[in-house]
Amino acid sequence: MTQVAKKILVTCALPYANGSIHLGHMLEHIQADVWVRYQRMRGHEVNFICADDAHGTPIMLKAQQLGITPEQMIGEMSQEHQTDFAGFNISYDNYHSTHSDENRELSELIYTRLKENGFIKNRTISQLYDPEKGMFLPDRFVKGTCPKCKSADQYGDNCEVCGATYSPTELIEPKSVVSGATPVMRDSEHFFFDLPSFSEMLQAWTRSGALQEQVANKMQEWFESGLQQWDISRDAPYFGFEIPNAPGKYFYVWLDAPIGYMGSFKNLCDKRGDTTSFDEYWKKDSDAELYHFIGKDIVYFHSLFWPAMLEGSHFRKPTNLFVHGYVTVNGAKMSKSRGTFIKASTWLKHFDADSLRYYYTAKLSSRIDDIDLNLEDFVQRVNADIVNKVVNLASRNAGFINKRFDGVLAAELADPQLYKTFTDAAAVIGEAWESREFGKAIREIMALADVANRYVDEQAPWVVAKQEGRDADLQAICSMGINLFRVLMTYLKPVLPTLSERVEAFLNSELNWDAIEQPLLSHKVNTFKALYNRIDMKQVEALVEASKEEVKAAAAPVTGPLADFPIQETITFDDFAKIDLRVALIENAEFVEGSDKLLRLTLDLGGEKRNVFSGIRSAYPDPQALIGRQTVMVANLAPRKMRFGVSEGMVMAAGPGGKDIFLLSPDDGAKPGQQVK
């Protein structure tokens with residue numbers, strides 16, 4: 001039965017543009033793509049979009065490390081991501097970037113509306129600052145102990161253990177991820193989104209059916225603990241969009257990231273010359289449906305901040321959030337050392353996309369449970385289901401049809417009632433696809449496949465083929481088998497796009513959900529060719545080994561400090577023990593008249609003063625900034641007479657030279673004169 005066509009916009013969470021796509025990412029994109037392909041088969045208007053999340057300090061710093069601009073890095077990463085998704089047949093209508101004109105305009109529009117409506121608040125805050133790098137530290141560049149559950153090694157914006165969000169200043173024992181230094185507090189004016197104003201709306205939306213029950217229950221905990229205003233600004237230097245009329249202030253990446261859904265759709269509409277669909281889909285009273293597929297780690301942002309931002313700026317809210325769990329491999333977290341941290345591109349060098357699409361689909365449900373990719377079970381299931389049950393059904397019958405009947409199917413079904421049993425299952429299987437009970441859909445389909453194969457076993461066409469005068473029976477039996485195969489592949493089409501294309505070529509007919517009511521009768525099929533190959537554990541072993549080698553290659557420095565300055569010849573412990581390293585306090589620092597390279601440092605060793613000349617002037621053009629700082633010096637180096645005076649030691653610094661010299665400093669708590677061991 002044909003359904004009333006709906007307008008549907010589907011998104012996946014935006015991959016961050018500083019790393020490759022791996023099998024953890026692919027779970028979400030496969031889940032969404034299967035759902036989208038089913039919706040399209042049912043005749044709905046579906047727009048499936050995504051983009052790279054391309055802003056933030058991590059991208060800025062990684063680009064600096066690579067010696068390229070952030071724009072160049074995110075451009076290259078976008079191409080890599082799109083290639084990976086295309087390789088897995090993820091059928092996006094558009095793949096864009098948050099670093100785009102569309103996203104800038106929409107971010108500014110939403111911010112302006114929120115501000116005009118009184119939902120943006122300004123206040124001065126004390127913020128963590130890296131004294132060694134001279135920069136404010138974004139959330140993800142501070143780590144410490146979660147103030148809520150006391151889990152160690154958590155980022156400065158939210159805890160990956162308990163899901164709580166907080167300010168970086170609330171972290172216990174924070175450390176800069178950039179330098180390892182203990183941050184200091186500095187004041188800065190920031191802009192806040194008044195999330196508590198939307199508490200009543202959000203609680204109603206939470207219980208409206210827009211969220212899975214597990215998510216709604218978790219949100220209730222957050223409501224009970226009280227919503228806080230959300231800091232949406234970051235200080236320069238920052239790679240992102242500058243806030244209007246606020247020089248040196250930038251939108252926090254999590255403000256413009258979800259707006260990227262809108263930006264990508266706007267870009268798609270503009271490409272099509274479509275001037276009406278954007279408003280039709282995003283206006284406050286839109287009757288279109290909006291679905292976000294996301295992982296459970298970003299529920300807080302999508303279930304609180306995002307709908308509140310949309311409500312406050314007079315746009316529509318999502319129809320549903322579809323939240324999934326994490327991927328484990330062989331029962332454990334993905335591991336680089338074990339070779340189970342597998343990139344999407346690496347997978348495609350060893351297996352086809354349909355195999356992973358099928359395995360993930362067979363394990364997915366509408367719940368937020370984690371999915372385990374057991375590689376041995378993967379091989380067994382793909383061979384047992386796709387090869388033995390489904391493809392084998394076609395191969396057992398196609399040969400007789402091709403050879404004995406010139407590829408023409410019988411004019412009537414051998415068992416109309418059995419065929420009706422298969423087509424009647426469309427309601428149950430369709431509902432399972434619709435409700436994202438993918439595992440249930442696969443179980444129903446494979447149960448039918450068992451029935452179809454039993455039918456062929458019982459009818460034994462290979463026996464009938466040898467009996468004189470039974471050509472009509474043989475044609476009817478094999479035609480029945482091929483028609484049952486057609487129904488099964490129609491149900492599996494959202495999952496197995498590549499195999500489906502081969503099947504359509506063989507059947508000489510499109511796999512169409514509504515068309516299965518009518519079997520293929522007196523229809524000519526094409527010559528049968530192998531549709532799918534068995535897989536084995538040797539491929540798995542090669543995949544795991546290749547992943548290990550990629551990790552080794554990534555860890556090996558092709559260029560950089562070790563390549564430019566190889567480690568010196570090995571010394572003995574006794575040689576090293578002769579060097580006396582001490583903590584020193586810089587009491588004074590000044591230029592040396594007549595030298596453009598040296599600074600004169602007066603060092604306090606805790607009761608003894610030293611005069612040291614150091615060639616660090618190019619890196620520290622303001623020597624006064626060094627006063628009061630601690631460093632490390634070689635205290636037992638023989639005094640050296642220089643043109644400007646006597647140098648009584650050497651301070652320790654890293655870097656290749658020039659402006660890239662970095663004076664070493666001990667952690668807080670070290671005292672002048674203490675020995676460095």
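Counting starts with 1 at the first residue shown.
The backbone N, Cα and C atoms fix where each Cβ goes, and this holds for glycine too.
Looking at 15-25, 81-91, 433-443, the stretch flagged in Swiss-Prot as motif ''HIGH' region' turns out to be 15-25. Residues 333-337 are the range that Swiss-Prot records as motif ''KMSKS' region', among 143-147, 333-337, 468-472, 608-612. Cys159 (Zn(2+) binding site) sits 23 Å from Lys336 (ATP binding site), taking the CA atoms of both as reference points. A straight line from the CA of Cys149 (Zn(2+) binding site) to the CA of Lys336 (ATP binding site) spans 28 Å. The Cβ of Cys146 (Zn(2+) binding site) has 22 other Cβ atoms within 10 Å, all protein chains considered. Mean model confidence for the motif ''KMSKS' region' (333-337) is a pLDDT of 86. Taking each Cβ in turn and tallying the other Cβ atoms within 10 Å, the top scorer among the binding-site residues Cys149, Cys159, Cys162 is Cys159. Secondary structure at Cys159 (Zn(2+) binding site), as computed by DSSP, is coil. Within 8 Å of the centroid of the Cβ atoms of Cys146, Cys149, Cys159, Cys162, where the record puts Zn(2+), the same chain has further Cβ atoms from Pro147, Lys148, Lys150, Ser151, Gln154, Glu160, Val161, Gly163, Ala164.
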